[in-house]
Structures are given as structure tokens and as C-alpha cells.
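Copied from TrEMBL, the annotated features are:
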| type | residues | note |
| --- | --- | --- |
| BINDING | Arg24, Glu81, Lys120, Lys444 | (6S)-5-formyl-5,6,7,8-tetrahydrofolate binding site |
| DOMAIN | 216-370 | domain 'TrmE-type G' |
| BINDING | 226-231, 245-251, 270-273 | GTP binding site |
| BINDING | Asn226, Thr245, Ile247, Thr250 | K(+) binding site |
| BINDING | Ser230, Thr251 | Mg(2+) binding site |
Amino acid sequence: MIASNDLIAAIATAPGRGGVGVIRLSGQGLAGVVAGLVGRALQPRHAHFARFKAQDGAVIDEGLALYFPGPASFTGEDVLELQGHGGPVVLRMLLARCVELGARHAQPGEFTRRAFLNGKLDLAQAEAVADLIDAQSEAAARSALKSLDGAFSREINALTEQMITLRMLVEATIDFPEEDIDFLQAADARGKLAQIDEQLARVLATASQGRMLREGLHVVLIGQPNVGKSSLLNALAGTDVAIVTDIAGTTRDTVRELIQLDGVPLHVIDTAGLRETEDAVEKIGIARTWQALEKADLALLLLDSREGITAHDEAILQRLPAQLPVLRVFNKIDLTGEQSGAVDDYEVHVSAQTGAGLDTLRQRLLALAGWHGANEGVFIARERHLDAIRRAAGHVDSAAHAFNALELFAEELRLAQQALNEITGEFTSDDLLGVIFSRFCIGK
Ligand code: GDP
Ligand code: ZN
């Protein structure tokens, strides 16, 4: 891994117009840019008002210039931030001027990648930068910040430390056979391994919750017209976080909405459009909906209490993936006089109109979809992390069966440790880094 430190530049603020726009530069050769653009030296970490000059001396924009000398900067390199007016044209002119003065356009995620390569962040923290920017709910944002702050990495590092201690113990036993098995027994190697195993399970559970916060839960909504689907979604979203939006880019008749439930992003896929059709475009939309169902976490079958399950509902239920949990929701109990609440784990009676039974519904829905987390303490995580933890747990399990073959035991522990290290990125291939950072936005 070669950390190149040539000068890169990018517009760091979101495209479009805004009050302020920021251009960020990082790397070697900032002095030339400062001289050409500002015309005087900048005091580190001070906000300087400046007129940003073109080559012919004309003023491109005026604003603030901030200089952060490395290594005490985000990337660890010399960093310059130019705050100008947030218009796309003026920012492009300013960026072009930086390039004229020796910078090159940064690639997506290149600033954060440099921060990682220069040891300012580990890989899990760098990923949390992107996850914070992409957060779909407040809880997701909070947990991304937690990971950025190192909460996840600390758990992983603590586990790695324990593995190293145990490995040293075992390897000492291998190297000095006179310190035989009794020695390991005295050191409670078995107990230590069991502890590691338990802790791995705990981290895996938290990380799974963190992955749900990052990706959201996917819920399929089944129900006939007029049973109260829209009413229920609105009631569930609540007033404090009533984000009910159609997600752009979805095809006709594939309705997807994003709401938050107790801070968990919930993608709701409405199956109302799943009907027989000859329309080619509609067919594509329907095929996509069936695809989306494959990775759903839960199906919600909404029923009118006065009518129950219809043949059309049955037909859709039949075609759902077999392992997908289904929660039956009998709505409009205000019209039947039934009691609200849960009948069992898979059936609740509610009124979207009066709100009766909705708390129970929220609970059941989240629990069935796999969300157990109190939001506090959950750090954001990705499938990549879960996979690494699972592999580590597999090796620890193999180690537990290898107490009478110490070489094997030590090797399994080494592999477990290696798997965990992938999370924080101690030994990471350039390919993986490329994949991770290419998904960042430019300027981050
Ligand atoms: P959708 O077509 O499934 O989305 O159903 P809507 O949410 O549009 O509701 C259809 C009709 O049923 C509307 O007039 C709602 O006001 C009404 N409705 C929805 N939920 C309830 C409920 O719990 N009780 C009563 N009495 N009416 C409801
Ligand atoms: Zn509706």
C-alpha cells in the first residue's frame, strides 16, 4: 500500500446552491496554491478572510481560508479549506484555479482514504464517515458517530488483545514442551477461550443491530385496497419523525416508502401493485417487487377486521419466501368492537384511526423483523463486519476442539485474529480499500 500524497482538491459541500461552499485540498504543495490564490501566508488553524484570485489577478470569490498543517489534520497531511459562496459556478471556477495551481481532482473518498492510510482513522471508523453521511434515521446517525468515535473498533481491539494473550500462552507451551498441558490448565486457557467466544457472540449481536440501523429493515406490506395501509403507515411513522416519502426511481406500481420506527429506518414495500397484467412496464415493476421480497425481513398482512383474509392475500402469502415471518394485522377494530392488542406473536388487532394496539404492533413488528436493540450502545456496522466476526467465531470454535493439538489450536486462533483485523483494516488488500472508498462521495 503506497500512500501517495500529491495535492488533491474537491468541492466538499453538496452539489447545488447553498449559502457557503467548501473546497478542500490535501497533500504536498499547498504553499503554491495559497500564494497564487490568497497571496499571503496563512497562520495554522486560523480563519483568514481572503479574496481568491485568478491568474490575471481578478477576484473569483471572497471568503475564508483555513490552513491545517499535517499531521494534525483530518487526512494527516497539509490541508487547506476554502469557504466561498455556495454556487456551483463559482465553486467550479475556484476548483479549476486550484488545479491550475497544481492540485488534481480528488477521487471519491480519497480524503478519508488518506486519513486511513496515515493512521488517523482505522477502517471501521472510515466506513462510519460514509455511514454518517448516508444515515437514514437519527438512530443510524447516532450509531455511526459511535463507530466513528471508535466504539466498534475498541470492542474489536479488546478481543484481539485477548486472542494475542492466549496465543502467546499456547505458543510458549509449544516452544517449551516441559511447560505442558498442566501449564495451560493452570492459566485457564479453556476459560479464556470461552470468554472470547462469549464476547464474540455479544459483538456479533450488537453489530447485527448496527447493520439494521445502517440498511434499515425491509417490510413487505400486503393488503387489499382500503384496508388502511396508508393510514397505518402514517400512524406508525408518528408525528415526531413523520417522514413518509416515495423513494425516487421506483417503477410504477412498486410503491416503496421509508418511515422510521423507534429510530430504525423501515423500508416498506407495498404489494398493492402485484396483480396480473399485460403491460410491459408494469411487469418489470412487479418482477422487481418480487425480487425485493426475497431480501425482506418481515411481511405485514393488513386485514379489515370485518372481512379477514381474502383469496388475493392468500395468493401473495403463498408466493412469499418460506422463512419470511408474517405478522397479521387486523385493522379497524373500532368498527367491530374487538379488543386491541396481541393474540400471539404473529397476530395483532389494531385501529389505525384511534391508535389502539399500535404500540403492541410496533413492538411485535420490530421484534419479528429481528430488531432487539435499545438504540443506546449500538454502533453502526456492515455485512462485511458481520462476516468477519462470524469467521472469527468459527475459528475460535475450531480452536476449542483442538486443545490436544496445540499447533492447530494456535493456528485457529491466529486465523480468528486475522479475521477480526479485517474489520479495523490492519491487513487489508488494496482491492477491498478500492471497493470501500469508491462508494464515498467526492470531497469526503
Ligand atoms: P389503503 O388503501 O389500504 O391504503 O387504505 P387507507 O389508509 O387509504 O384507508 C382506507 C379508508 O379506511 C380510509 O377512509 C380510512 O380513513 C379508513 N380507515 C383506515 N384505518 C381505519 C380504522 O382503523 N378505522 C376506521 N374506522 N377506518 C379506517
Ligand atoms: Zn393507500
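Backbone N, Cα and C define each Cβ position, glycine as well.
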Residues among the binding-site residues Arg24, Glu81, Lys229, Lys444 that border ligand 2 - Cβ under 6 angstroms, in sequence order: Lys229
Averaged pLDDT, computed only over the residues in the domain 'TrmE-type G' (216-370): 81
Distance-selected binding-site residues near ligand 1 (C-beta under 6 Å), from Glu81, Lys120, Asn226, Lys229, Ser230, Lys444: Asn226, Lys229, Ser230
For Asn226 (GTP binding site), the three-state class that DSSP assigns: coil
Lys444 ((6S)-5-formyl-5,6,7,8-tetrahydrofolate binding site) versus Lys229 (GTP binding site) - Cα distance in angstrom: 40
Taking residues Arg24, Glu81, Lys120, Lys444, which bind (6S)-5-formyl-5,6,7,8-tetrahydrofolate in the record, the widest Cα spacing (Å, whole number): 18
Secondary structure at Arg24 ((6S)-5-formyl-5,6,7,8-tetrahydrofolate binding site), reduced by DSSP to three states: strand
